[in-house]
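Features reported for this protein in Swiss-Prot:
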- Cys225-Cys227: disulfide bond (DISULFID)
- Cys258-Cys261: disulfide bond (DISULFID)
Amino acid sequence: MTKDNLYRYLFDNASVRGELVQLEKSYQEVIAAHDYPVAIQHLLGELMAATSLLTATLKFSGDISIQLQGDGPVSLAVINGNNLQQLRGVSRWDGDIAADAQLQSLFGKGHMVITLTPDDGERYQGVVALDKETLSECLEAYFEQSEQLPTKIKLFADAKQAAGMFLQVLPTDGNHNEEFEHLSVLTETVKQEELFTLEAEEVLHRLYHEEEVRLFEPVAITFNCTCSKERSAQAIRTVAKEEIDSIIAEQGKIEMGCEYCNSKYVFDAIDVEAIYAVAPNSGTTQ
């Protein structure tokens, strides 16, 4: 069974679209970067599944991020994705967290920010409160607020895998709420074990065996961190050289780490001189 794929499907007898996502390797790469508590691992898995599902709805080339913030023990959890289904993510927390901790106990009073950033065009940002019991319900509230389209989302994660389903009325003329409600009831019956162990085609057959479902070719999902030594060098260049020289004099090197993949980039005195020998904008030596 191939994991790390997103599947789109349509109903020939209803104006409703669906998506199904199954994650394993990409999910493991995200949670391997830090020693995350179990509850945060599962949260990041659900967030990855959600980001993949939402990315598939984009009508443009660009990025999407789902960011959760709050005043609880977890201050931040974010997953970034793009139209190529490349995902990365990170979380910040403080103290011990129970393995069965739920959304509101993790974030306290919090909110979710969904940011859409086209390669060409204006950025869009939507904000909803984390005042529901589950991430799925918060995302459904976001769609109700931003698109006014009936939407159903199911998310699952354990220590090894993550998965999710997305169901939404197509933005067409007419009232298709009755069709959606019927399919939503069927989708609600999906079990975590089914999404973790069965092929997408079998899952859809079990859920919608009396419907006319058209399943499209899968899209591969990968973990992709955009960090590099050059990007770290660019960050150093934004700091006054005197300040960097002071750190080098005291520590002998500058070490920069990536929160997303835990890579480390080390710069010594020679590296620093080379960084500042390049004009910030022109890329030519002075």
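Cβ atoms are placed via backbone N, Cα and C, with glycine included.
Cβ neighbour count within 10 Å across all protein chains ranks Cys225 highest among the disulfide-bonded residues Cys225, Cys227. Taking a C-beta cut-off of under 8 Å and a sequence gap of six or more, Cys258 (disulfide bond) has these contacts in its own chain: Cys225, Cys227, Lys264, Tyr265. Cys261 (disulfide bond) is surrounded by 18 other CB atoms, counting those within 10 A of its CB over all protein chains shown.
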